[in-house]
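Here's the structure, in structure tokens; my notes come after.
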Amino acid sequence: MRVLIQLRPSPDVVAAVADPGRTAAAADVADGLPGVLLDPSFAPVAVPRPVPPAGGDPLSLNQPLRFSLAAEDASVLVRGEISDDEAAVRLALLPALRPDVVGVFADPVIESNLTCGGDAPVGDWHDVARLLAVEDLAGEGLDGAGVALAVLDTGINAAHVARHLGREFTLDAARSWNPAGVTGKAGEFEVDHGTMCAFDTLIAAPKATLLDLPVLLSRRPGGSAIDGLLSDAVAAFAHLRTVLETQPEESRALVISNSWGSFSPRWDFPVGSPGNYSDNPAHPFNLIVASLDAAGADVLFAAGNCGRDCRDGRCAFPDRPIVGANSHPRVLSVGGVDTGGERVGYSSQGPGRLEGRKPDLCAYTHFSGSKAFGDDQPDSGTSAACPVAAGLVAAVRTQWPASRLSPAQLRTLLRRTADDRSTVGFDHDYGYGVVDPRGILAALRRRSRA
Amino acid sequence: MRMVTVRLAAGATLAQAMEELGLPEEEVDTGYGLVAIDPAQGLYGLRVTEAGARRMDPEAGGGPYSDPPIEPYGPPR
């Protein structure tokens, strides 16, 4: 077992440990402790002594105390390990064998509590706006003006979005699109998941023009009562290519936000089958995603909510849950962090199935925002992280159309400037890190000068 | 229903796709129609019944491909 051992060595040793200008090793303090394997990587720590007031109880901590780091008062902590088999004996014998040992304490593993589904919101959308440096972006003219931002989801309720944003925004009904059989009007769908996504895109790109594509409302033959089919997304992407091609080539800017995916291999062909979707770049949907990227669109997908720490109960892939287009090499796969910058426990981890290095990066989620699911419910899931990142991409596109910065170049820029959350660069929890708008701005300035 | 693909000239129609694949109207999702997947490559997609997918001319088309349900990623349940 790992233990912390408190010792009271000679005053000169205590003074050396307490002096930040000097370096003391564990062996200087506690060499030769019987049965203890000292941890040389743990620098000894001076612990102040609680000193009671004159006439106070020398054993009580429930009184006003002064804390002394004087050499004759303080003690020192070192870290070590005792064999589990003889822990009880060692704990009893150590103070008896070594009078300088004043205590042996457990050193349990400590872990942060990751945010999970059902947890209360962590911060609100104003915090997200601050973290995304929205004022700095707007100061450089990056507010999404003139940029088309397509939300493929359950449809948008524009009145709800405007009410909770506290302002109006632009939704282009003419360039929006319904799957066959869906009869609602763009911007007039029931408040649901798509409304949340729309709200979240507008945090970083307040002047973007939203396109409403309610693909998840489709009820095609072969579908169920609760979801659309991948073929509806194929048709939606085909529509978006026509949107892109009507834009002048020199100013093309279309961002496509996708907070959905396939939870289960049950409806898919087996991996290795030519008709498979999850692992097959030749599936028609994966082909049309690649063709939209080649035509100049930025495609973003949520990484999914199948993180190992608290996965969504619908997750049925036994491993590698970032599947199909959500793991496509030509999209940005977006994982989720809370406003404290910690990965939310449900954010899917890589490797991805089409491309191993997934997710690409993380953006903010689990904050109080659209209130689409109730006043006390967060905008959550990688479903929220994806449109937050899509808004940031749309903000960049205000001044940097695809003719000036291709989708591939923009993905590279976002990965390269992300705030790395590990010591090894890319990792399968955070990807290349958390989106860093100030890093993006600096990189764009350098690119402008070049 | 399954997805299948077919290679046709630019501006192709669903009727041309059905003729190319040798499929009657009752085996095709006409409401879905013919979708341009990669027009630069002349690649189009359509939805057909499983029986139709089995019977179509394999030289003329690609697939069948899976058409799984898709669901929103949130809120986490």
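Including glycine, each Cβ sits where the backbone N, Cα and C put it.
Neighbours of A:ASP153 (active site, charge relay system), defined as other CB atoms within 10 A of its CB across all chains, total 30. Per TrEMBL, the feature active site, charge relay system maps to A:ASP153 (among others).
Among the features that TrEMBL reports, active site, charge relay system is placed at A:HIS193 (among others). The Cβ of A:HIS193 (active site, charge relay system) lies under 8 Å from the Cβ of A:ASP153, A:THR154, A:LEU216, A:SER259, A:ALA372, A:SER383, each on the same chain and at least six residues away in sequence.
Neighbours of A:SER383 (active site, charge relay system), defined as other CB atoms within 10 A of its CB across all chains, total 30. According to TrEMBL, the active site, charge relay system annotation covers A:SER383 (among others).
The domain 'Peptidase S8/S53' annotation in TrEMBL covers A:144-433.
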